[in-house]
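*Asks:* Just dropping this structure here.
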Protein chains: 2
Amino acid sequence: MTLTPNRHVKTIATVCLSGTLDDKLVAAAHAGFDGIELFEPDLVASTSSPAEVRKRCEELGLDIVLYQPFRDLDSTDREQFERNLIRLDRKFDVMAELGVDLILVCSNASGDAVADIDELAAQLRAAGELAERRGMRIAYEALAWGRTVDLWQQSWEAVRRADHPAVGLCLDSFHILSRSSTMSELADVPGDKIFFLQLADAPHKDMDVLQWSRHYRLFPGEGAFDLVAFTAAVLDAGYRGPLSLEVFNDVFRQSSPVRTAIDAVRSLGALEAGLDHALPRQRFDVAFVELSVTPTNLTTAEHALSALGFAPSATHRTKKVTAWTQHDVTILVTVVTDAAEDDSTAIAAIGFDTEDPTGFAATAEGLNVAALPRVVRPGEADLPAVAAPDGVSVFFVSAERAELDWRRDFDVESPAGVAADAGLTAIDHVSVTAPFDRYDESVLFYRSVLGMRTEEVAEYPGPYGLVRSHLLRAPQPSGFGVALDGPLLRRGKWTPGVQTPQHIAFLTDDIVAALGALPADAPILRIPDNYYVDLQARLDLTDEFVDRIRRLNILYDRSADGEYLHAYTAVIGSQVYFEIVERRGDYRGRPLADAPVRMAAHVAARRAKAHF
Amino acid sequence: MTLTPNRHVKTIATVCLSGTLDDKLVAAAHAGFDGIELFEPDLVASTSSPAEVRKRCEELGLDIVLYQPFRDLDSTDREQFERNLIRLDRKFDVMAELGVDLILVCSNASGDAVADIDELAAQLRAAGELAERRGMRIAYEALAWGRTVDLWQQSWEAVRRADHPAVGLCLDSFHILSRSSTMSELADVPGDKIFFLQLADAPHKDMDVLQWSRHYRLFPGEGAFDLVAFTAAVLDAGYRGPLSLEVFNDVFRQSSPVRTAIDAVRSLGALEAGLDHALPRQRFDVAFVELSVTPTNLTTAEHALSALGFAPSATHRTKKVTAWTQHDVTILVTVVTDAAEDDSTAIAAIGFDTEDPTGFAATAEGLNVAALPRVVRPGEADLPAVAAPDGVSVFFVSAERAELDWRRDFDVESPAGVAADAGLTAIDHVSVTAPFDRYDESVLFYRSVLGMRTEEVAEYPGPYGLVRSHLLRAPQPSGFGVALDGPLLRRGKWTPGVQTPQHIAFLTDDIVAALGALPADAPILRIPDNYYVDLQARLDLTDEFVDRIRRLNILYDRSADGEYLHAYTAVIGSQVYFEIVERRGDYRGRPLADAPVRMAAHVAARRAKAHF
């Protein structure tokens, strides 16, 4: 695969980024954007004059491609419309100083919006004439909550009838896709009448469209819209301007603008790759998951793995790393001595085995994902690796290419130690807590760099607050999942729970057999009886079945498509635990109603321990 | 005025509070609740058996008054309904162990909901017969998003036709007021058929009612609903059960449960006081606002006050406190040496002058507001004071009662120093940043303890994130305002701005004269030219007017009712600045569109200073 990251001019609206105008410009330039849409309130609050902003943008290599927004141009009150034209003319003064010739005019959302399409076209034409005299152009956009014009087809009809060279269309993916508007008529729009294209993704939300737009927009590839199909339709219609991002998002408004800008440019890179069918489609398997533990936690971790049927299979020649294996599952246990806390544990890395490790790494690099710096000793494998936004290191390896085989630096041990196979055959998913400011960036990372797809988006209550969950899964046959579980609101001071839990969910074909055969001291989490009483009432299960899973501390859920049986271990050190999962039939997602029970049980276990 | 806090039994649903079930029970008991509604998921996740929960509640002096919720009882599928009855019977087992005899059944929100009112009544009657055999009762509630029953009138019609002694009504203020249902028909409902009353307030939200209900409910008095009128109607109908809170709120789920429970019990106390017309209606004036400064900031603060026309008028006899006065405005400047940071400044206290200081203090105490511990030396005034949830100390004083006159401990200075009166005659409002977890508690505090009313609720963008604003105002003639300005989302690491700004807004009759007469070195915040260019285009103002306010760094807004002209000082120390305000006509609220300009200007001033 190849990425052609410079195929389109890429720009970003200043409103997408946190900080003062200068913070935003520096961030956009640093991330490699070609230009910006200047959001008027950012200019109004700036201590720099328009001429100074122009100069600053030139220094930074940024074009100003659009001035926005101009609201409520048309009016049923003719005198008001004349005043609006004067207002527009004053904005042209500012634009001339800035050196930008395109202004966004959005459809009127107030009481005096013109409903008559010919009158609206006439007013747009009058504005176009004014613009032409000033050497300016107008991109007219249908707001999803416009009063008389709220569909792109209506805005096009107004532009078509205005029939003026200085009046064209602005298409905004949010306003169009939030209304589920059809795009088929776009083929009839001349490409050169599409003056501007604004891109934003969004999650599905059952709410007022204005609030949805102003608080929850996302960069392309982070939400639920099909931006590839949308952009392809606009490009097919002949649009040749920039791909520009306009995202209003409560979290991005608070996040480091440099980091957000890099995420933003990545979203356009992934969109371009999607347009070129260049995103990863290769298969991969999970070669290993690496667990980092402190010396304090090593025994606990080894005991848990051993109790779950893992056995040491290889030892690193120079580092304190041991591979624990069962069937095709390998957990690397790395002892670290520089952890922040004595009891730190973490899912440090995931290794993906693929035919083309360097291809994956090149995709990541093309998407502005930072490669991880590595210290490689002579003779050691130099494995390409990148940092996922959630803090996990992602390695690309290949068992079929000696120089990219992670086992190259390990002494493989005799398999004599493999005594207690518990039938754990694969990893169903790994769950990590994405940092609050990087949650959506994490979704984009797994989708774009690894080609994973969303299986389930949900919220569930925990004892210390609501949790949002986004489960991504690799295509079959790997089917490997990554679940991003994080607080819906950033945590406050009252959060006695584990704030950033992580876990690995192992698959088995027979959880009852697997749990039944575990040694007596396996650190399986005790599930309270109340859960089983409720379960039986809810799902009308037999006494025999409920008794069996109750004795083994197995949780259970049933959907129309299948069943999900699972059990947990205690938390090892600061934040890591294991799950054992049996999926029956075609159960999709995870039984999130069980999560609060698991969390409360972990709290109870921790408190009981604290009493000793 | 008198509060009769024990007039009604007060209970709270466990879902209102953060933590494990035991955390919730301890918090509810500590706050003085009489009992709880047991939210089933809290029991299911608990490691305590129902009998143990019962015992724990007995130890804590809590009655379990309701078990909830039971969903989807009725069904168009007769076999499903029979299974639902078995499920109900199993819940009765649990309830018998818990020692609670009332279960909440909410209207069916799924596809098999019964639409035929007689069939629904028949199914409720069958459930009622089962309940009666078990010594239980059913409180049937119309969910606002129920499929066939979504209005309380429908739920009443079903209960009426069911005509069974074990089947009554549950009224939930959210489900009723969110749908703007009328309450007039309630007079026809026999009081003893209203089995339960759940109370929740909520802010106005233009969103899906289910999401609104599950994320944004508030305690009575914290939102926009008229809970006093609602509760009065239910009591007038003859309801004699507990006043019970059922609030789903994202922030409360994350907050200290003890603190939340105290806020919750206060909300019911204020509601009872409202029912008794016992909330404060006395007038008060603002006697003083106290500013605490470090020795480092003292000169800056004194310079600012002096430049704004204040002069020292009194000095505390034993403490480092100076009163600065202009017309009726007094600012106490207190030098503290134990501040967290060298440049700490804070609005430490507000003194309210009233005819009945001890009455206000008694109201506060009756509402579980902690009195402030005070060290009073012999002969010093012992002024009643309480802690507002936003960290400000609230003093109740009286100039007409020597022992409660704050000036008692001050040596009044000669007014000779009063040279530079700038025409600042009153305080329009004080703005503070309420702690994220206590924002809604703060609203309730000012409403209930001081009888203030909401003037404006809004959101505005700042350079580092969205800000929510709630402006409360005392009745005329004081008209004193408190604005709670806080981040919409809890701040993350990228927040270079002042995180908890506070300011005092002084009123003047003539801001142009006031600003024009200030000394040249008055620390007035410079407003960028871009603001004035935009202002002129937006509001079609004359060159002359705009030039005049531009030279004086005055910001301007106009509404249908009046005008608002204002200017700011630089930030003094860590977080405090001053605003000078002229209101013309009947301008309501504040010009929040100016806030981002002010914030960016403060950032620019701070950065410029950092360069020296």
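Cβ atoms here come from the backbone N, Cα and C positions, even for glycine.
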*Asks:* Which single residue out of B:Glu97, B:Glu222, B:Glu246 does TrEMBL record at the divalent metal cation site shared with B:Glu141, B:Asp172, B:Gln198?
*Replies:* B:Glu246
*Asks:* Select one of B:Glu302, B:Glu341, B:Glu579, B:Glu582: the residue that TrEMBL places in the Mg(2+) site alongside B:His429, B:His503.
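*Replies:* Looking at B:Glu302, B:Glu341, B:Glu579, B:Glu582, the one TrEMBL places in the Mg(2+) site next to B:His429, B:His503 is B:Glu579.
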*Asks:* By the DSSP assignment reduced to helix, strand and coil, which category contains B:Gln198 (divalent metal cation binding site)?
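*Replies:* Reduced to three states, the DSSP call for B:Gln198 (divalent metal cation binding site) is strand.
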*Asks:* Run through the Cβ atoms and count how many others sit within 10 Å of the one on B:Gln198 (divalent metal cation binding site).
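*Replies:* For B:Gln198 (divalent metal cation binding site), the 10 Å Cβ neighbour count is 25.
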*Asks:* For the domain 'Glyoxalase/fosfomycin resistance/dioxygenase' (B:427-535), what are the DSSP-based totals of helix, strand and coil residues?
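*Replies:* Each residue of the domain 'Glyoxalase/fosfomycin resistance/dioxygenase' (B:427-535) counted once, the result is 28 helix, 40 strand, 41 coil.
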*Asks:* Between the binding-site residues B:Glu141, B:Glu579, where is the Cβ count within 10 Å the lowest?
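*Replies:* Comparing Cβ neighbours within 10 Å for the binding-site residues B:Glu141, B:Glu579, B:Glu579 has the fewest.
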*Asks:* Give me the CA-CA distance between B:Glu246 (divalent metal cation binding site) and B:His429 (Mg(2+) binding site), in Å, as a whole number.
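*Replies:* Between the Cα atoms of B:Glu246 (divalent metal cation binding site) and B:His429 (Mg(2+) binding site), the distance comes to 33 Å.
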*Asks:* State the three-class DSSP label for B:Asp172 (divalent metal cation binding site), counting H, G and I as helix, E and B as strand, and everything else as coil.
*Replies:* strand
*Asks:* Could you pull the average pLDDT for the domain 'Glyoxalase/fosfomycin resistance/dioxygenase' (B:427-535)?
*Replies:* 95
*Asks:* Return the residues near B:His429 (Mg(2+) binding site), defined as same-chain residues 6+ apart in sequence whose C-beta is under 8 angstroms from its C-beta, sorted by sequence, else 'none'.
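*Replies:* The answer is B:Leu471, B:Arg473, B:Phe480, B:Gly481, B:Val482, B:Ala483, B:Ala505, B:Arg590.
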*Asks:* Whole-number answer please: how many Å between the C-alpha atoms of B:Gln198 (divalent metal cation binding site) and B:His503 (Mg(2+) binding site)?
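*Replies:* Approximately 39 Å lies between the Cα of B:Gln198 (divalent metal cation binding site) and that of B:His503 (Mg(2+) binding site).
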*Asks:* Would you mind reading off the Cα separation of B:Glu141 (divalent metal cation binding site) from B:His503 (Mg(2+) binding site), to the nearest angstrom?
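*Replies:* Roughly 46 Å, rounded to the nearest whole number.
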*Asks:* Note the Cβ centroid of B:Glu141, B:Asp172, B:Gln198, B:Glu246, the recorded divalent metal cation site, then list each other residue of that chain whose Cβ lies within 8 Å of it, in sequence.
*Replies:* B:Leu104, B:Cys170, B:Leu171, B:Ser173, B:Phe174, B:His175, B:Phe196, B:Leu197, B:Leu199, B:Ala200, B:Ser244
*Asks:* Tell me the Cβ neighbour count for B:Glu246 (divalent metal cation binding site), meaning other Cβ atoms within 10 Å of its Cβ, over all protein chains shown.
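*Replies:* I get 28 for this one.
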